[in-house]
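Okay, handing you the structure first.
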Amino acid sequence: MEIFKEFTFESAHRLPHVPEGHKCGRLHGHSFKVAIHLSGDIDPHTGWIRDFSEIKAIFKPLYERLDHNYLNDIPGLENPTSEVLAKWIWNELKPLLPELSAIRIHETCTSGCIYHGE
């Protein structure tokens, strides 16, 4: 079974390694959406894999670092592509959420990535 909890946050960034003149090299922002996916067995007593409120509480410190901030200033996000952001969130959460199975990032309504911890 797999569950997920979604969050949205607003952040600015620029991509320092794109070709000169590329639009993503300029400072810009996104309304990011992140989904935290957990896989596991359903607990026979509670009926769930993990309480959604626990996921929210665990993500809160990361949310506060990301929301309304400049991603490039966060250690590990100096080149804050969606792929790098997904892997960074995974690395921050995996020790706290052993059931973590994927991080899904949407930087726009039509573009994003999914990281499975490879």
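Cβ from N, Cα, C; glycine included.
Automated prediction, rather than curation, is the source of TrEMBL annotations.
TrEMBL lists H13, H28, H30 with the feature Zn(2+) binding site. The annotation active site, proton acceptor is assigned in TrEMBL to C24. The active site, charge relay system feature in TrEMBL is assigned to H68, E107.
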Distance check, please: Cα of H13 (Zn(2+) binding site) against Cα of C24 (active site, proton acceptor), rounded to an integer number of angstrom.
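A Cα-Cα distance of 8 Å.
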Neighbours of the Zn(2+) site H13, H28, H30: Cβ within 8 Å of the Cβ centroid, same chain, sequence order.
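Surrounding the site, in chain order, are S11, A12, R14, C24, L27, G29, L71, P80, E107.
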In DSSP terms, helix, strand or coil for the residue listed as 'active site, proton acceptor'?
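In three-state terms, the residue listed as 'active site, proton acceptor' counts as helix.
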Given the active-site residues C24, E107, which one is most crowded in terms of C-beta atoms within 10 angstroms?
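Per the Cβ count within 10 Å, the most buried is E107.
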